[in-house]
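Taken from TrEMBL, the feature active site, proton acceptor covers Glu375. Look at TrEMBL and you will find Thr185, Gly224 tagged as FAD binding site. The domain 'Acyl-CoA oxidase/dehydrogenase middle' feature in TrEMBL is assigned to 181-290. Residues or ranges marked as domain 'Acyl-CoA oxidase C-alpha1' in TrEMBL: 340-389. The domain 'Acyl-CoA oxidase C-terminal' annotation in TrEMBL covers 434-566.
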Amino acid sequence: MEQVFKRTQILTNHLLQSSPSSQTLSSNACLSYSPPELSENYAFDIKDMRKLIDRHNLEERDWLFGLMKQSKLFNPKVRGGKVFVSPDYNQSMEQQREMTLKRIEYLLEKGAFKGWLTEKGEDIEMRKFAGFEVCSIYDHSLFTKLGVHFFLWGGAIQFFGTKHHHDKWLRDTENYSIKGCFAMTELGHGSNVRGLETVTTYDSNTGEFVINTPCESAQKYWIGGAANHATHTVVFSQLHINGTNQGVHAFIVQIRDADGYICPNIRIVDCGHKIGLNGVDNGRIWFDNVRVPRENLLNSVADVSPDGKYLSSIENPDQRFAAFMAPLTVGRVNIAISSVYQSKECREACGGQGLKTENRVGQLKGEYDVQSTFEGDNLILMQQVSKALFAEYMAAQKRNKVFKGLGLEHMNKPCPVIPLQLTSTTLRCSQFQMDALCLRERDLLNRFVADVSKCKAKGESNEQAFLMCYELAQDLGKAFSDRAIFQTFVDAETTLPAGSLKDVLGTLRSLYALICIEDVSFLQYGYLSVDNGANVRREITKLCTELRPHALALVSSFGIPDAFLGPIAFNWIEANAWSSV
C-alpha cells in the first residue's frame with residue numbers, strides 16, 4: 001500500500017504541477033560521448049595491418065581520398081564538428097546520375113585515370129584496382145559507372161580486340177571523350193551468355209555486319225550508361241555466317257552521335273528507379289537492322305573475311321567460347337573486391353541511428369544486393385565452380401595421375417579425420433582447421449562426381465545431370481570457396497614474424513575458420529557430431545570476446561578516412577545536438 005500511495009502522490013504532484021520532493025523523482029546525468037581512442041590501446045601497428053590488407057598502392061589510395069575530400073562535388077557536410085563526404089541520396093534519380101558524371105569528369109581532370117588503358121603491366125593494373133576500391137568506398141554508383149566504362153567496355157576492346165581496335169579506341173576511352181557501355185545481358189538471358197538471342201549477320205556486298213533484336217526477350221537490359229551518357233557499346237550477339245551460327249561474338253556499335261542523340265535504328269529506354277545505384281543510368285536497347293563496318297568485330301578469337309568466310313584458329317566451338325569469355329573474369333574479381341569494401345560500417349547494434357540515411361547503412365545494404373546478381377548470379381557461379389572441379393577430377397582419373405590444379409592437391413593425401421572430442425586447443429589449430437575444410441571439400445566432390453555419373457549412366461545429358469545435382473553443386477562451390485579463402489589467409493599469416501600482429505591475425509584466422517566449420521553442411525553430411533558443433537559455437541564466442549579489445553585497431557586498419565564514414569562512427573550525440581541543426 002505504501003508503494004501505491006507514493007505513486008499516487010507523484011501523479012498528483014505532476015497533475016497539479018507541484019514541485020516533487022527530493023525523495024520521489026530526480027534527474028539523471030546526461031549521457032556523454034567518450035572517444036574510444038581515449039580508452040583503447042592498439043596492440044599492433046595499424047599501418048602494418050593496413051599494408052597486409054590493402055597490399056599495394058597505399059599512397060595512391062590516400063591521394064584519391066584527398067581529391068574527393070577537397071571538392072564540393074563530393075557533397076561535404078559538417079556534423080558534430082567533423083566533415084563527412086557522401087552522395088546526397090535525397091536527390092532525384094536524374095540528379096544523382098548527373099552528379100556521378102560530374103565526379104567522373106572532376107577525377108579525370110585531376111589525372112586519376114591516367115594510363116588506365118594506354119599503359120601496360122602489373123603496376124598500372126594494380127593502380128587501377130586500388131582506384132576502384134577507393135571509389136567503391138565513396139559511392140557504389142561511381143564505382144559501377146567507372147567499372148562499366150573502363151573494365152567492361154575498355155577491357156572488351158583490350159582483350160577481345162586487336163591492334164587496330166586498340167589504336168582507334170583506347171586513348172579516347174581513357175580520356176572519356178568516348179563513353180562506353182557493355183551490352184551483354186538481355187531480358188531473357190543474364191548468366192546464360194551462350195543463350196543470347198541478339199542476332200548478327202554479315203552482308204558481303206557492303207562489308208557490314210547487321211545487328212537485330214529478333215524478339216522482346218532479346219532486348220539488352222540493365223546496360224549501365226546506356227540510358228543517358230554512353231556514346232558507344234560493345235554488343236554481344238550470335239553471329240550467323242552463311243546460315244551457320246558460329247556462337248557469341250562482340251561488336252562495337254555507336255549508339256549516340258556527338259550531340260547526344262540516339263543513332264538511327266536504335267531504341268533506348270530507361271530501366272527506371274532502383275533500390276540502389278540510382279547514380280547509374282541503366283538502360284534497355286533494341287537494334288533494328290543496325291549496320292556496322294566489318295572492322296567493328298572484336299576479332300582476337302575469330303574473324304570474318306571481306307567475302308564472308310568465318311576464320312578462327314580455334315576450331316572447337318566450346319574452346320572458342322571459353323577463350324572468348326576468359327577475359328571477363330576481371331569483372332567478377334572487381335565485384336568480389338567491391339563486396340569486401342562495402343561490408344566494412346556493417347550494421348551491428350546501431351540502434352535508431354542506423355536507420356538514418358546520413359549514416360549510409362541502408363544504402364550500402366541496398367546496393368550490396370546487386371553484387372550477388374550481376375556479372376553472373378552467385379548460384380550460377382557456384383555451379384560453374386563445381387563443374388570446373390568435376391572436370392579436374394575426371395581429368396585426373398583419366399590420366400591416372402595426381403591432382404594438380406584448383407588447389408585440389410590435398411586430394412592426393414590421406415583423408416583427414418576429425419577427432420571425436422574437439423578441445424579449444426584443437427579448434428584453434430590451423431592444421432585442424434585446414435583438415436576440416438579439406439575434408440568437406442573432398443567428400444562433397446566425391447559425392448558430386450558419383451551423383452552426376454549416376455545421372456549420366458541413366459541416359460541424362462551432361463547439362464541435365466548437373467542440374468539434377470544442383471544442391472550438391474552449391475554446397476561444393478561454397479566448400480571450395482571457403483577452403484581457398486582460408487588458404488590465402490594462412491599464406492598471409494606465414495609471411496609475418498612472431499609478434500602482436502601475427503597473434504591478432506591468428507585469432508582472426510581461427511574465427512573465420514570456425515564460422516565456416518559452423519556451417520550446417522558439417523552437421524548435415526556428418527563431419528561433426530552435435531556435441532562438437534556446440535563446442536565450435538562456444539569457441540566462436542570466446543574468440544569474439546578476445547578480439548573485442550582489438551576492434552577499433554582492426555577497423556582503423558582498413559585505412560578509410562573519417563570523412564568517408566558517417567556521424568554514427570564518432571560523436572553521435574554532438575552530431576544530433578541543437579547546434580548542429
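Here, residue 1 is simply the first one shown, and the rest follow in order.
A Cβ is built for glycine as well, from the same backbone N, Cα and C atoms used for every other residue.
Unlike curated records, TrEMBL annotations are generated automatically.
Looking only at the domain 'Acyl-CoA oxidase C-alpha1' (340-389), the predicted model's pLDDT averages out at 79. Around Gly224 (FAD binding site), the C-beta neighbours below 8 angstroms that are at least 6 residues distant in the chain are Thr144, Lys145, Val148, Cys181, Phe182, Val280, Asp281, Asn282.
Taking CA atoms as the reference points, Glu375 (active site, proton acceptor) and Thr185 (FAD binding site) are 9 Å apart.
Sequence-distant neighbours of Thr185 (FAD binding site) (same chain, six or more apart, CB under 8 Å from its CB) are Lys220, Tyr221, Trp222, Ile223, Phe374, listed in sequence order.
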